[in-house]
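Marked as transmembrane segment by TrEMBL: 12-31, 43-61, 489-514, 534-555, 567-586, 624-644, 656-674, 686-709. Taken from TrEMBL, the feature UDP-alpha-D-glucose binding site covers Glu102, Asp131. Feature annotation from TrEMBL assigns active site to Asp131, Asp423. Residues annotated as Mn(2+) binding site in TrEMBL: Lys265, Asp289.
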Amino acid sequence: MTAFHALRVTRHVLLNRAHMLVYSLAILALLRHRLSCLLSSSLFLPLLLAELVLALMWVGSQATRWRPVRRHEFPDRLLREVDPAALPALDVFICTADPHREPPISVVSTALSAMAFDYPPDRLSIYVSDDGGSAVTLFAFMEASRFARYWLPFCKEKGLLDRSPEAYFQSNIGGDSDKMKMMYQTMKEKVETALERGYVGNDLVSSQEEAEVFKRWKGLPSHDHPSMIQVLLDTSKDTDIMGNALPNVIYVSREKRPTSPHHFKAGALNVLTRVSSTMSNGPMILTLDCDTYSNDPRSPLHALCYFLDPAVSPDLAFVQFPQIFQGLNKNDIYACEVKRLYTINPRGKDGLGGPNYVGTACYFSRRSLQGTPSSTSLAPGANDPLSSESVLRKAHEVASCTYEPGTKWGSSIGFRYGSLSEDYHTGYHLHCEGWKSVFCYPSRPAFLGDAPKNLNDVLSQRKRWCVGLFEVAFSRCCPLTFGTMKASLLVGLCYAHEAFWGSWCIPITIYGLLPQLALIYGIPLFPKVSDPWFYLYAYLFFTTYGQDLLEFLAADGTMGRWWSDQRMWMIIGLTSYLFGTVQFVLKKFGISAQGFNVTSKVMEDEQSKRYEKGAFDFGVGSPFFVVLGMVATVNLSSLVVGIARAATMEGGFDELFVQLFLSAFVTANCWPIYEAMFLRSDGGKLPGNVTVISLVLAGFLHCNGYLIFHN
């Protein structure tokens, strides 16, 4: 059989392994030195704790460097070998939860881009889960279903690769594009009018039948309503303006009751899995976030290069494409690329058992969610009409609150419950059950999404990730034990490294405050420059950052974006991971904590302008920013006082160089914070009360430092 894909191990594998050996010996030497220092003063105990955490996190990170691989697919070979009519049916799942934070017109553009895949339309079904139970979202999809009759032929005729109308019309005008853009704008205005009103009026609908549909929404709160399922397009009878069949489009709003847990996104995906099994029952499932649109209509063919390979498919659970974001500013100031999570580490995991599921841009085998690895054939499709009474009755049944209790859904079937990070949790359990995955990274990004471009939103999102990952780390399925036994040692370490991300707050907080406070009072905590032990610390620091930089640049990064990435690592450690750890601990003790929040996809004009200029946005009174202001103040004051103290001490620079370097390094990273505290006057500056509280807390730490270091 012709090979549909190829794999090669990256060339620097042996160099990585040699570095691991040398670096591990250096870590052991460092810990030995720190233990000897501990005998002279208890001040070194926090530093020992920080270095132990750093060492353990480093060990976990090495699993992804053990055998990184790169893959290449040959979709043209696939099309020569396989009759398009024989391609497996594909069900696309798109989830949305709040029409005000996730604009329906953006969700619609994502759906239209998937409807326009280069794939037989009679084998393609789009399911949208509306967890907000919004009549406006249903109205938007009704309008989109009509617009699709013109948009899909337009895409095929023009040979477009970018098939999201929202993205396409931002950069293409003239000729036929103008006419199509006017149709799109008309649809967009109607949807936005309904969103502004908060309801769908009779003046917006196209028929009395549609008006009757929206009457069902009146008086129904989003958290308490029966299931609502609407077949908007049926491929067996609906066609575009050229007479070609259109894909199925089904709107689903699952039943919600205050007394029944809904399990957030995982619960919504499980409802779509069951509803789709009663309708189209596609053997392949694609999950997309509502803002992640198709940027390459051939992505299903890339995935099929693996699913149709008999040597790979029997235990292949999913094919994960990288999550790539559009609209980032030049230096990606908030490090929203998350390049290590979405690009670098997946290649390392791909050489072990496959990457993790990241919540979007992922093609699943339905067998992996509803079957077992031992099954060797894809599931058959359903043939009953989608709108038939029997199909709809069954679909409503499986979308009800009463269906799951007493079943294995969420535990060993479908997307897994028990963590706010349902994507990580699901991928982890699939790997532990013996399934494999593949990282597919074609030269043209298959999908593009929107990242949060507001600092508070970024930090809140990372805090939610931290809590969700801890929920897995401190469960009976801890990757360090369960994962290493059920999958493999290296796979378990990969998952453990991510599960304990929140622990970064320990070394970052300690290294961000303790050496600096000691510097103010002239207390050395590190070896002198003239001491041979100094070179061990220098080696560990510079090789860590050097390797990180080289890997970042090799993944098509830039120096500017790498600097932003390492700066955000420190900012997130001091805020998201610290607050997330506290929230998780409080939750374990039964103390109420903040629940799940949808990340906003809406951005104000002034905020957008600041972002494009590369200016950080601190314009809200967030406790995150109090901590950042406090740490920034401590480091700046310690640098100034430390330089003065070192200049007046005999051998001061020799003795205090490491602490001066740490203060200078953190101060350089804190420059956007100083701007927001003292230099800016726009809406993104740090609120005055936050600045004052930060300064007071910094002063409090200085006073306590005096008591500690002179005790």
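The backbone N, Cα and C atoms fix where each Cβ goes, and this holds for glycine too.
Structure coloured by features recorded in TrEMBL.
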residue	record	CB count, 10 Å
Glu102	UDP-alpha-D-glucose binding site	24
Asp131	UDP-alpha-D-glucose binding site	23
Lys265	Mn(2+) binding site	22
Asp289	Mn(2+) binding site	23
Asp423	active site	23
Long-range neighbours of the transmembrane segment (567-586), counting only residues six or more past its ends (CB under 8 A): 334-335, 458-467, 470-471, 474, 501-505, 507-509, 512, 592-594, 623-624, 627-628, 631, 666, 669
Positions on the same chain near the transmembrane segment (43-61), where near means CB under 8 A and six or more residues out: 23-24, 27, 30-31, 34-35, 37, 493-494, 496-497, 500, 503-504, 506-507, 510-511, 514-515, 518, 523, 525, 544, 708-709
Euclidean distance between Cα atoms of Glu102 (UDP-alpha-D-glucose binding site) and Asp423 (active site), Å: 19
Cα-Cα distance linking Lys265 (Mn(2+) binding site) and Glu102 (UDP-alpha-D-glucose binding site), given in Å to the nearest integer: 14
Positions on the same chain near the transmembrane segment (534-555), where near means CB under 8 A and six or more residues out: 19, 23, 26-27, 29-30, 33, 58, 339-340, 343-344, 526-528, 561-562, 565-566, 657-658
Cβ-Cβ under 8 Å with the transmembrane segment (489-514): same-chain residues at least 6 beyond its ends: 43, 46-47, 49-51, 53-54, 56-57, 59-64, 66, 341, 345, 348-349, 352-353, 356, 424, 428, 431, 465-467, 469-470, 472-473, 478-480, 482-483, 525, 569-570, 572-574, 577-578, 580-581, 584, 631, 634-635, 662, 666, 701
Cα-Cα distance linking Asp289 (Mn(2+) binding site) and Asp131 (UDP-alpha-D-glucose binding site), given in Å to the nearest integer: 13
